[in-house]
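A.B. asks: For reference, the structure I am asking about is given below.
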Amino acid sequence: MTPQAKLIFSSSLILGTTITISSNHWITAWAGLEINTLAILPLIAKSHHPRAIEAATKYFLTQATASALLLFSAMMNAWYTGQWDITQLTHPTACLILTSALAMKLGLAPFHFWFPEVLQGSPLTTALLLSTLMKFPPMTLLFMTSPSLNPTLLTYMAILSTALGGWMGLNQTQIRKILAFSSISHLGWMAIIVSYHPKLTLLNFYLYSLITATVFLTLNTIKTSKLSTLMTTWTKTPALSTMLLLTLLSLAGLPPFTGFLPKWLIIQELTKQSMAPAATMISLLSLLSLFFYLRLAYCATITLPPHTTNHMKQWHASKPTPSAIAILTTTSTMLLPISPLILTTV
């Protein structure tokens with residue numbers, strides 16, 4: 001892909017995201033989502049591999065369906081109430097259809113089926129965009145319409161997402177699929193709190209995006225996409241492997257890392273809302289995800305490859321760690337001590 005094409009698609013992604021997050025009217029929000037979808041498709045399919053073409057096709061079909069549902073719910077609400085304003089969504093059927101549309105856009109269970117397949121067929125940099133930037137516009141719409149949505153339905157969808165994200169990621173050997181199921185599990189944490197404390201959902205999303213960006217950029221630097229090749233990277237880049245270990249533990253939500261902060265705040269808020277059983281259930285289900293994060297961390301740092309390995313021996317690289325990864329790793333592991341400062345923004 002030529003640099004000019006990459007520039008056009010990247011600027012279209014930024015434009016589509018900006019249009020959606022700054023709009024008050026359903027039509028402009030829908031137009032921004034469509035620009036985003038059309039801009040990311042060439043980036044998914046740029047390798048021309050059959051798996052990449054399949055991923056782009058699956059992505060296009062699911063996103064087109066979700067966009068049609070979103071437009072349908074907006075039209076239904078406008079038909080009954082005469083309002084096209086995003087915050088004025090009041091008709092119950094329109095709210096239900098919108099919940100389904102945004103769940104499909106985000107990859108929230110039970111509409112998660114497309115996400116692991118699309119991520120597996122995409123390059124690591126495009127997979128990073130799909131996991132973070134592409135979820136920002138629908139997350140903004142979820143934030144703006146949160147007072148109108150059904151909290152019970154969102155709670156059930158959130159618990160199902162956390163369960164499926166943890167359970168289906170257990171037997172995966174492809175790192176992109178593991179990170180896709182990790183994303184589905186994290187979306188459950190965001191969805192369960194959006195009706196009660198929407199700003200907490202956005203905080204969770206920002207921190208999740210930060211930590212996931214660190215993981216994807218590290219994997220892209222060491223050119224690893226399978227567990228079997230991750231085992232051989234310690235001899236080549238010990239510093240990056242150590243950073244990956246810390247970032248994965250942060251993504252799992254273990255204290256004293258940054259990833260613990262949103263989980264701690266969400267459990268606290270759920271308890272205040274008399275939802276202790278839901279908080280207990282979602283905490284226990286996140287232990288499933290913890291297993292595959294620990295397995296990734298174990299493969300990255302503790303396991304040395306056997307002498308009979310089929311892979312070529314990796315030479316120790318003398319190249320320094322990219323400064324962007326160093327900064328991202330620091331922020332994605334060490335923000336917990338300044339949590340009082342972060343809480344002033346929530």
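Cβ from N, Cα, C; glycine included.
Curation does not apply to TrEMBL; its annotations are automatic.
As the structure is a computational prediction, the values presented were derived from the model and not from experiment.
The domain 'NADH:quinone oxidoreductase/Mrp antiporter transmembrane' annotation in TrEMBL covers 23-288. Residues or ranges marked as domain 'NADH dehydrogenase subunit 2 C-terminal' in TrEMBL: 290-343. The transmembrane segment feature in TrEMBL is assigned to 7-23, 59-79, 91-115, 153-171, 203-222, 243-261, 281-304, 324-343.
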A.B. asks: The transmembrane segment (153-171) vs the transmembrane segment (324-343): three or more C-beta pairs under 8 Å (separation of 6 or more)?
C.D. replies: no
A.B. asks: To what whole number does the mean pLDDT across the domain 'NADH dehydrogenase subunit 2 C-terminal' (290-343) round?
C.D. replies: 77
A.B. asks: Applying the under-8 angstroms CB criterion, which one of 203-222, 281-304, 324-343 scores highest with the transmembrane segment (243-261)?
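C.D. replies: Out of the listed stretches, 324-343 contacts the transmembrane segment (243-261) most.
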